[in-house]
Amino acid sequence: SLSSGLDLPGRFLFAFLTLMTLIANLVFIEEAVYIYRKIPSSKRSIIIWINAAAPVIATTSCFGMWIPRSTMFTDFTAAVFFAMVIHKFLMMMIKECGGQKLLLRRFENGRFKISTGPCCCCCLCLPRVRITRRTLFWLKLGTFQFAFLRPVLMFLSIVLWTNGNYTLYSLSPKGAAIWINCFVGVLTIIALWPIAIMFQQVRNILICKKIIPKFALYQ
């Protein structure tokens, strides 16, 4: 077994990381109980989704650590969940501003600054874009494409892996791994761009919600 092949420091490290996973799950359970008691039902679901990112990724990583052959499946679970969380984070910022209608009313004469990271932080010459229902749709589409396409690509990776055509750590241009991972990287950058655009717009309004440290931890 895996544990019998470990030396004493290795066993200590595995035990410590497993304990950290257990603590992360206990903290999340405590958070979920608090959220159900104190937070309005309209915001409850989305906040629990975002807070669940840490325990879900920790738990899948722990399974992958103890059962190395399950890495593809644990990575798939973590990737799917985190892709959903990125979309939920954008929706949370809109909801914390009172929803889409109130956000549009508040910024009816405002403009989005799109020269921000991770795509265009160096392109200061880019014009500001008017805040309309259409631009909000494109921002939401930017995060939703990641929530949709990343699970599809991870599923494709598992199918190729079971057929022997996908090696997780292969950097060969002839292999599928490097191309799928590069495409996922591009989709990730595209998904993070709307988050940064929205954050630049609403950070002063949501400063009472401590959005800046939340955004920093999220990054």
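The backbone N, Cα and C atoms fix where each Cβ goes, glycine too.
Note that TrEMBL annotation is computational and uncurated.
Listed as Cβ neighbours of the transmembrane segment (12-34) (distance under 8 Å, sequence separation of 6 or more from its ends, same chain) are residues 3, 6, 48, 51-52, 54-55, 58-59, 61-62, 65-66. What TrEMBL lists as transmembrane segment is 12-34 (among others).
Sequence-distant contacts of the transmembrane segment (46-67) (same chain, at least 6 residues past either end, Cβ-Cβ under 8 Å): 2, 14, 17-18, 20-21, 24-25, 27-28, 31-32, 35, 39, 74-75, 77-78, 81-82, 84-85, 88-89, 91-92, 95. Residues or ranges marked as transmembrane segment in TrEMBL: 46-67 (among others).
For 73-94 (among others), the entry in TrEMBL reads transmembrane segment.
Residues or ranges marked as transmembrane segment in TrEMBL: 137-161 (among others).
Here TrEMBL flags 176-199 (among others) as transmembrane segment.
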